[in-house]
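Undergrad: Quick one: this structure, given as structure tokens, is what I'll be asking you about.
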Amino acid sequence: MIKVDKLPDVFIKAMPVLQTLEDAGFEAYFVGGSVRDLLLDRHVHDVDITTSAYPEEVKELFAKSIDTGIRHGTVTVLYGGESYEITTFRTESGYQDYRRPDHVTFVQNLDEDLKRRDFTINALAMDLHGQIVDLFNGVEDLKNHIIRAVGDPEKRFHEDALRMMRAVRFTSQLKFNLEEKTEQAIKDNHELLKKISVERIREEFVKMGIGPHSRQAFQIFLDTQLSEDVPDFAGKKELLQIYPQLQFSPTLETSLWSLIIILLKLPDEDISKFMRDWKNSNAMTEQVERIIKFFDLISDHTPNDYELFQAGERTIINTIDVAHILGQPVASEALVDRYLALPIKKPAELAIDGRFLIKHGMRPGAELGHTLNKIRELVVSSRLENSPDAIEKYLEDLD
């Protein structure tokens, strides 16, 4: 049996929670992703705890708790300034929506609880003394960099179809490979993904897409035909096949969506709908549209100063990132340096505003907006000094 001697602070801080449960006569373990990441020497953000205590028994032991998912056996305990999800050992049955169990049964056996988990590398538990409980050779799979379903993969994916996306996502994040039977079960059951909400799929897709091994994971995503069951990808395998051959993997979500849109050759008028279909936020959609617009511009010609100003620093940098990933030559340093050298970089930095123009006899309306934009363009391109006096003289000369 493996024993971990040196534990990160996140586990040490949670030890009194396990000790409290054990002192009351219950079993308690750290479980799941935190144990996996500990053994992989990855940063552990938070820990999950599983116990033989029923939810009401957990609540009696701790002064502060929240019923976060009490029907399914989960109580959040507030302790030492941290919150800990504590879930009773359980088995599950009946998955009519291919996502959540219809019935949860509390059990007194850790083994039964671990059997219901998705992958061997996530079906690991650790006790108070750092002893690892490994019923399904998860530690061996960690060593061999393998994602393998616990037990029968078909059964696991029928219980929760999102697990198919999670499997591919883990290959990207962890740089692991899919075990043969697990991959075959995804190929045989990929259509079940249609039963899952787009929001859930999107979350896994983004994690897959910006993971360090995303190009290889994307190839699995295509080969297993999961790509046929997500918004707007059906029948587009040939276009998307370029993704695994990209120069680099994207590390930003904006870059990921921009790359997908470019590969799909979506016209500008379809971008907003595509982003909505994937349940992206308006802010994300706006950022991606700006990147695509600037990417098209730099693909066509070298931008002038005002075009750099209109794009803004973040869009310029993000677009350069996309161009590099696609292997498109772009004078990145020159573009950024030129932007940083602009007389003004934001509309608010202009020395005057619309009220200044009104004070000088201009009526509110389209002409005022046009004049303000013209002044801004002249200032940005260093053809007009950014001062009220210089702008006032420019207005007088117009008259």
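Every residue gets a Cβ built from N, Cα and C, even glycine.
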Undergrad: Looking at Swiss-Prot, Gly33, Arg36, Asp160, Arg163, Arg166, Arg169 are annotated for ATP. Which of Arg117, Arg215 sits in that same site?
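TA: Among Arg117, Arg215, only Arg117 appears alongside Gly33, Arg36, Asp160, Arg163, Arg166, Arg169 as ATP-binding in Swiss-Prot.
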Undergrad: Which of Arg36, Asp48, Arg163, Arg169 (the binding-site residues) has the most other Cβ atoms within 10 Å?
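TA: Of the binding-site residues Arg36, Asp48, Arg163, Arg169, the most buried by Cβ count within 10 Å is Arg163.
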Undergrad: Where the record says Gly33, Arg36, Arg117, Asp160, Arg163, Arg166, Arg169 bind CTP, what is the longest distance in Å from one Cα to another among those residues?
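TA: Taking every pair of listed residues, the largest Cα separation comes to 21 Å.
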Undergrad: Looking at Cβ-Cβ distances, which residues of the chain lie under 8 angstroms from Asp46 (Mg(2+) binding site) while being 6 or more apart from it?
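TA: Within the chain, Asp46 (Mg(2+) binding site) has Cβ neighbours under 8 Å at Val10, Ser34.
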Undergrad: Taking Cα atoms as reference points, rank the binding-site residues Gly33, Arg36, Asp160, Arg166 by distance from Asp48 (Mg(2+) binding site) and give the first.
TA: Gly33
